[in-house]
Amino acid sequence: MAAKRESKRARVTRMHREYDRLREFIPVTKCQLDYRTPFELIVATVLSAQTTDRRVNGVTPELFSCYPNADALAKANISDVESIIRTLGFYRMKSKHIIELAQALATRFGGVVPHTMAELTSLPGVGRKTANVVLGNAFHIPGFPVDTHVIRVTGRLGWRDADEIAPEDIEHDVTAAFPPEEWTDLSHRLIIFGRTLCTARAPQCAWCPLADSCPSAGDFLDLPSARTGTRHPAKRAAATRRTAASAKTGKTATAKKTTSKSTTAAKRSTSASASR
């Protein structure tokens, strides 16, 4: 018989329950990119594509020291920018993008970063993810950035349909289940969770606070933890029960065998006495 499909209401209830536990597991969260102004954040976010926030944080101090605002970066020599961000992936393309971004900010918005989705996504190199990062963190306007970690985690947790992988669709469905004031921190927590525990290749189900309700945990529970080589506590407990049951069965069998031998010996002794 096919498994009963989870209703929308049941899914939302489970999402809230799991997020409450995730909030306890990750009590404090913030944007992992270093920035002081909306301009610095939007540039850093564009640079963060296909690389880690740590790498971006390694180059932005020098970049923003040389180009502290949109007007300055708009006039930058592209080779100078490339030399600063060379350690990042796709640094040539990114240098071009952030200079074009700065030029658009300088000419269209007076060097000021706009604070609406429509205006932000009209800028070169800025999509919904970057716009949501800026809205939620620089302006405290509800935004839910969807990156690869959010896509993976929401899929494994069953917070979305398996065939729903378009970031905008995921954003729509997940945010519909939570109040707007939760969106930015929710995204931060899912990203941190995806980077540390629910990783792409070796998810640490043994330490996951959501493993007992995660519909995907069974796919990974038999995989040893990459960190310790141990299995999930539920699997260890089951193995312990099997061992105990086996030992008990063995003891029972031994006891029965001993009793049987004693009974046979007694019968032989009685028979011998009678023959005398």
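Each Cβ is built from the backbone N, Cα and C atoms, and glycine gets one as well.
Cross-referencing Cys66, Cys214 with the [4Fe-4S] cluster binding residues that TrEMBL gives (Cys198, Cys205, Cys208) picks out Cys214.
Look at Cys214 ([4Fe-4S] cluster binding site): DSSP puts it in coil. Helix, strand and coil residue tallies for the domain 'HhH-GPD' (47-196), in that order: 96 helix, 0 strand, 54 coil [DSSP]. The [4Fe-4S] cluster site, placed at the center of the C-beta atoms of Cys198, Cys205, Cys208, Cys214, has further neighbours from the same chain whose C-beta lies within 8 angstroms: Arg156, Leu197, Pro203, Gln204, Leu210, Ala211, Ser216, Ala217, Phe220. Taking Cβ-Cβ distances under 8 Å and a sequence separation of 6 or more, the neighbours of Cys198 ([4Fe-4S] cluster binding site) in its chain are His149, Arg152, Val153, Arg156, Gln204, Cys208.
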